[in-house]
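J.: Could you have a look at this structure, given as structure tokens, before my questions?
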Amino acid sequence: MASVKRVVVAVMIVNVLALIFVGVAGSTRDVGSGGDDSEGARGREQQQVQQHEQNEDRSLFERGRAAVTGHPVRTAVGLAAAVVAVVSLLRLLKRRRRRAIQEESKESATAEEEEVAEEE
């Protein structure tokens, strides 16, 4: 059960990172105009290939962006999932810290009892 929760939290974190990455990439993406056409036919051919690749990249990027942030509800759900993931991660860390402290206190209590028993 705990491993399932960890997987869910990991998926949520990846979702948040994807939202952030797509948002940042969308605001900073700059597609060039192609280049200089002074090389004649070879230059035009390279420019056409480059333009085609850029259009393909742009369409893939836009489809990915639309899939992640295309709808306000989807974005809100993604952000809610991020909040849940962070809260779950913090709770998990808090539990681990408590367990470690409890184990240390048990070990120290056991060690003290052994010392008292040896002295007697």
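Keep in mind that glycine also has a Cβ here, set from the backbone N, Cα and C atoms.
Not measured: the values here are computed from a predicted model.
As listed in Swiss-Prot for this protein:
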type	residues	note
SIGNAL	1-25	signal peptide
REGION	27-59	region 'Disordered'
TRANSMEM	76-93	transmembrane segment
REGION	100-120	region 'Disordered'
COMPBIAS	100-109	compositional bias 'Basic and acidic residues'
COMPBIAS	110-120	compositional bias 'Acidic residues'
J.: Six or more residues out from either end of the compositional bias 'Acidic residues' (110-120), which same-chain residues have a Cβ under 8 Å from its Cβ atoms?
T.: none
J.: Which residues of the chain, 6 or more past the ends of the transmembrane segment (76-93), have a CB below 8 A from one of its CBs?
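T.: 5-6, 8-9, 12-13, 15-16, 19, 68-69.
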J.: Tell me the residue counts in helix, strand and coil for the region 'Disordered' (100-120), as DSSP assigns them.
T.: 20 helix, 0 strand, 1 coil
